[in-house]
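Here TrEMBL flags A:24-493 as domain 'Amidase'. Among the features that TrEMBL reports, active site, charge relay system is placed at A:79, A:154. The active site, acyl-ester intermediate annotation in TrEMBL covers A:178.
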């Protein structure tokens with residue numbers, strides 16, 4: 001059995017006991033990446049040498065009896081959207097292919113101060129826009145359970161590398177389900193914390209009011225450990241909550257009593273794959289067997305969630321991505337080519353006597369913006385920039401953006417009401433197990449609907465967790481989603497841990513890699 | 001001013017750089033004049049992943065200003081993104097305030113001590129806080145087409161104060177700006193240095209006129225790029241004439257053509273139209289999701305109001321009520337800024353003669369400051385010493401006409417009025433001594449006496465000159481009186 005079959009908590013105990021060294025563990029992780037990632041494609045970049053050097057440092061400090069951080073010596077993968085001053089942060093975009101941030105994101109800094117060993121940067125949909133990781137401008141990531149299938153997204157690399165046993169811990173980001181959905185499709189545990197629980201400073205923004213950083217791992221205990229390392233108030237993020245960070249890793253193993261679980265009827269209506277429905281209902285039955293009572297709750301406005309989300313998220317994105325204009329950093333179009341193009345156009349217009357065309361011809365600056373952005377962004381990013389620009393335009397703002405904000409408020413009110421009667425809401429993460437690569441690339445709308453069960457938690461700012469609760473006949477993992485009121489991450493973790501104590505889905509390993 | 005066939009209608013937009021140590025959303029310095037791009041950080045250069053954090057001091061200064069401008073302070077205000085592309089705007093948007101500004105509905109009172117216009121209340125539509133953009137430096141040297149960007153200024157806090165179109169002449173516009181600048185200086189929220197860009201003014205100008213007894217307005221033009229109050233005045237005057245000419249030529253009214261932006265060319269003394277392509281902007285404002293809204297309670301507003309220093313308008317009033325100064329004198333003093341007023345108040349209180357003290361301050365002291373280009377704090381005669389001079393004159397110890405000599409000596413020798421007086425050998429001349437001197441002169445100058453008697457009173461001037469030659473301490477006025485009397489009697 002490989003070192004990496006052990007949980008992060010187990011490995012931490014083994015490291016503390018001196019049974020293994022961080023160098024050994026890191027080497028095992030790098031070896032596994034080396035062996036499996038050619039097929040999976042989870043990593044955009046690995047920092048092998050730096051990781052081993054960091055691991056060695058930690059081993060030395062441990063031997064010297066120094067007090068170490070809570071992740072001391074554990075390999076952690078980071079989604080390539082969180083700034084790290086030691087390497088590039090590309091967001092899987094051509095636009096930022098060579099961008100080296102001069103500063104660390106708060107999450108990366110916290111991982112370092114927790115003595116984590118950062119082994120590499122994981123693949124994602126470009127700028128976290130997508131649900132399959134197919135929008136990466138760099139490479140495909142494959143689902144370790146079936147290499148013909150997508151790992152989900154946008155944190156596809158983050159989920160796949162855990163599922164394939166390359167690292168025990170991984171950091172993702174979730175704007176509309178981007179941690180929970182790939183976790184569900186790859187059979188790992190992933191959590192989107194309450195909005196504001198984890199600092200967004202240094203997280204390259206997609207949709208600022210929805211983005212949240214979160215942990216992925218194979219067990220609830222491991223997720224608790226990683227969340228404890230990254231959570232906490234950050235004065236550099238105005239939307240960060242001034243809440244003390246609970247000792248998640250300590251409390252996760254204390255079971256919940258008199259648990260009241262809410263089930264939303266509409267989530268089991270048409271469109272839900274029957275194998276998924278069965279697995280999710282079975283999981284709820286497991287909770288009943290553990291003493292939980294189950295109650296039906298209503299989230300009447302959630303059916304508008306995807307529509308509201310695809311107004312709000314692109315609107316914010318259109319603004320957040322305006323900075324990539326080629327002027328200051330990132331991709332800039334070839335100047336000589338651009339000037340030649342302009343000159344050719346000018347010549348043509350002037351020969352045809354088109355004075356109006358000449359008057360409207362781009363200045364070199366405008367043409368530089370246009371070309372740089374046209375070349376630097378992929379089609380999905382462009383699609384969302386256009387959607388958002390449209391929604392925020394004069395005359396449309398009220399009908400789209402403002403309306404979407406109203407829906408958002410109603411969705412939150414629905415949750416507040418539902419949580420008066422229940423502690424958690426349980427349901428599916430996705431309507432079906434992992435889909436085939438390429439299956440939806442030509443149908444963006446179908447791809448948007450993949451977020452159906454997950455976007456509401458982002459719109460409402462609530463914590464949500466996804467964990468494996470069964471497998472399809474074809475051997476694909478099925479995810480269970482748990483949602484809780486704001487700041488109740490502990491409740492989610494405890495509930496997930498209770499489930500994993502009773503079931504063994506999380507112990508299964510993909511066959512192919 | 002000649003009667004014009006139109007009324008000029010003017011509204012002003014003033015951008016005030018707030019006197020904070022650090023920028024609005026990061027901790028970079030706001031110091032002017034540093035090497036390009038040395039006062040920048042990942043936040044103000046808009047690097048991916050960075051987030052703004054509001055500078056509470058900037059908000060506090062804005063509150064002070066808005067309250068001093070008699071604005072309402074809503075309990076809730078938020079930040080919006082104003083989106084446009086320009087290389088000196090590294091995020092692709094400016095953090096500003098759109099529909100819920102931090103203050104609105106105020107006013108500023110203006111008056112002209114020379115009575116060239118009636119005192120009036122200029123309404124303030126709103127004042128809101130926003131971040132500044134960077135600076136584009138266009139290299140126009142032959143053969144070079146490169147532009148350079150300096151982001152030192154990016155993120156500096158600006159308070160944008162928007163007036164209603166309540167001004168009717170360039171003179172009123174200038175008075176508004178001067179009064180506003182004075183107010184800002186009194187509260188200490190800005191250094192108001194126009195050359196360094198701490199105070200920037202745009203003017204919206206159009207004309208109201210009559211055509212076939214119908215009231216008509218011409219299209220509104222926004223004038224930019226005015227670098228001094230004088231430039232504002234000239235640009236408005238120019239623009240009013242230009243619009244009148246255009247109106248006569250085209251007859252185009254408000255609403256019949258889009259709002260135009262024109263830049264002021266100070267050297268040429270003209271406004272020039274800017275490309276219409278740059279104007280038609282949809283800024284796609286929306287609330288900035290990276291920043292929390294700011295709430296202000298009525299108690300906070302009251303606390304800020306209570307802590308405000310005395311403002312120019314109130315000070316002018318007090319100088320009139322308590323120091324019996326006329327509007328003109330009060331205005332001259334207050335317009336010099338608080339330190340001069342404090343100097344005056346100290347001197348007036350110590351001398352007990354506010355009017356004479358005012359004359360000394362507004363004439364001799366201010367002339368010295370101007371000639372030597374120094375501030376009142378650098379001035380060599382303290383308020384207490386000036387009071388001593390005024391008291392000496394009032395008591396007769398210093399003959400009025402020799403006051404200036406005493407003042408000059410006080411300044412030159414750094415001494416008080418008493419010491420200067422004795423240095424100059426000034427003594428009070430006894431009345432009987434004075435009469436004796438005059439009698440002697442009258443007796444010795446029968447020709448003059450005859451002239452006086454014949455009605456040529458000015459002939460007595462020669463006697464005054466002789467009296468001063470014999471004793472420099474004599475009061476010439478008194479000599480004149482006595483000599484006239486004695487001449488008539490002889």
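Note that Cβ sites are derived from N, Cα and C of the backbone, with glycine treated the same way.
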Greatest C-beta neighbour count within 10 angstroms, which of the active-site residues A:154, A:178: A:178
Residue A:79 (active site, charge relay system) CB neighbourhood, other CB atoms within 10 A: 32
Alpha-carbon distance [residue A:154 (active site, charge relay system); residue A:79 (active site, charge relay system)] in Å: 10
Between residue A:154 (active site, charge relay system) and residue A:178 (active site, acyl-ester intermediate): CA-CA distance (Å): 5
PLDDT averaged over the residues of the domain 'Amidase' (A:24-493): 97
